[in-house]
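All remarks here apply to the structure that follows.
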Amino acid sequence: MSTATKEMLARVRQMIPPMLDKFHKGQLGRVAVIGGSEDYTGAPYFSAMASARLGCDMSHVICTPAAAAVIKTYSPNLMVHPLMRSSPSALSSTPSTEPADTDPAQIAARIIALLDRLHVLVVGPGLGRDPLMQETCAHVVRAARDRGMPVVLDADALLLVQRDPGLVKGYGLAVLTPNVVEFGRLTKALDIAAVSEDGKGRVGALAKALGGVMVVEKGEVDRLSDGTGTWTVDLEGGKKRSGGQGDTLTGSIATFLTWRKAYLDGIWETGGGLKEEETVAVAVFGGSAVTRECSRLAFAKKGRSLQASDLTDEVHTAFMNLFGEVDDEEGGAKL
């Protein structure tokens, strides 16, 4: 890894809480993933499980009832809430017309009631483009912003920003994780031209146009920027581009953001080596680094057959490779 990456990972390590007897359930992270529809049940699972496997205490999935029935069979470790609703289908013999199932504000209110139990929200994995689900998520994102809660937006949730940049503009606790196609749509929507041929200026320009939102431009290397600083995560990743790998990224970023809260709350003797204004970048860098290491490890084992679930299996090993046992200075990490 480059010297800059090694130095940044050392800063990430300062944010990782040790495992102490005095901690109680929930202090090291409570994350919820909003997504999951009838057609897409894997994405929210991969995101929430990455969060849990990395070390978040409590991982929730908020999805439609049809998706919930499936996701609950994947793992008993996740808390699954069937609170989302999709638009009534013409194929349904008994479509609901009750406002509780068709009014996005009323649907969102049930989800917003959970926010005080959470630290970080991930919106988008498996969400789809259903208008009712999209509008419901817009209500929830606004409520999370009002509460000062970090929000990670990915996949179809990025359409919300594309249509209404004001939803996140100026909110420094919002993180966008677009792939190459989604990044192109966002830059087009905000009328941002390619700043440089090597792409280094584009992510900064997009983040700046959004008023300081953290943007992660995924690619051969990951570039992240809040419009004032730009960081490159140049750790080696795998070469297989199967769907669902970005969900490991969102879940990993979410867990690091919960640890950011724990760090700022001072629930352990941190030493105070990080300034609050740099902690979002440090957390997002950590999530990207872990995901790339997961991809490298999984590809080394599976090659062309690699699937998103293979990254889930590597989360703990990736963490240990990068950071070692944070309670033990002889932990054997790459640092």
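Glycine is no exception: its Cβ is also placed from the backbone N, Cα and C atoms.
Copied over from TrEMBL, here are the features:
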BINDING   GLY126, ASN179, VAL180, VAL181, GLU182, PHE183, GLY184, ARG185, ASP247  (6S)-NADPHX binding site
BINDING   218-222, 237-246  ATP binding site
DOMAIN    8-322  domain 'YjeF C-terminal'
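Projection of TrEMBL feature records onto the structure.
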{"residue": "GLY126", "record": "(6S)-NADPHX binding site", "CB count, 10 Å": "28"}
{"residue": "LYS218", "record": "ATP binding site", "CB count, 10 Å": "23"}
{"residue": "GLU220", "record": "ATP binding site", "CB count, 10 Å": "8"}
{"residue": "ASP222", "record": "ATP binding site", "CB count, 10 Å": "24"}
{"residue": "GLY238", "record": "ATP binding site", "CB count, 10 Å": "23"}
{"residue": "LYS240", "record": "ATP binding site", "CB count, 10 Å": "16"}
{"residue": "SER242", "record": "ATP binding site", "CB count, 10 Å": "18"}
{"residue": "GLY244", "record": "ATP binding site", "CB count, 10 Å": "20"}
{"residue": "GLY246", "record": "ATP binding site", "CB count, 10 Å": "24"}
{"residue": "ASP247", "record": "(6S)-NADPHX binding site", "CB count, 10 Å": "32"}
Q. Relative to the Cα of ASP222 (ATP binding site), which of the binding-site residues GLY126, VAL180, GLY184 has the closest Cα?
A. VAL180
Q) Since the record lists GLU182, GLY184 as binding-site residues, which of them has the fewest other Cβ atoms within 10 Å of its Cβ? A) GLY184
Q: Measure from the Cα of LYS218 (ATP binding site) to the Cα of every one of the binding-site residues VAL180, GLU182, ASP247, then give the nearest.
A: VAL180
Q | Those residues of the chain, 6+ apart, with a Cβ under 8 Å from that of VAL180 ((6S)-NADPHX binding site) | A | LYS218, GLY219
(Q) Please report the distance from the Cα of ASP247 ((6S)-NADPHX binding site) to the Cα of LYS240 (ATP binding site), rounded to the nearest angstrom. (A) 15
Q: Give me the largest Cα to Cα distance among GLY126, ASN179, VAL180, VAL181, GLU182, PHE183, GLY184, ARG185, ASP247, the residues the record lists as binding (6S)-NADPHX, in Å as a whole number.
A: 20
Q. Of all the binding-site residues given, namely GLU220, GLY238, GLY244, GLY246, which is spatially nearest to GLU182 ((6S)-NADPHX binding site) at the Cα level?
A. GLY246
**Q.** C-alpha spacing of GLU220 (ATP binding site) relative to GLY184 ((6S)-NADPHX binding site), in angstrom
**A.** 16
Q. Which one is it: of the binding-site residues GLU220, GLY238, LYS240, SER242, whose Cα lies the shortest distance from the Cα of GLY126 ((6S)-NADPHX binding site)?
A. SER242
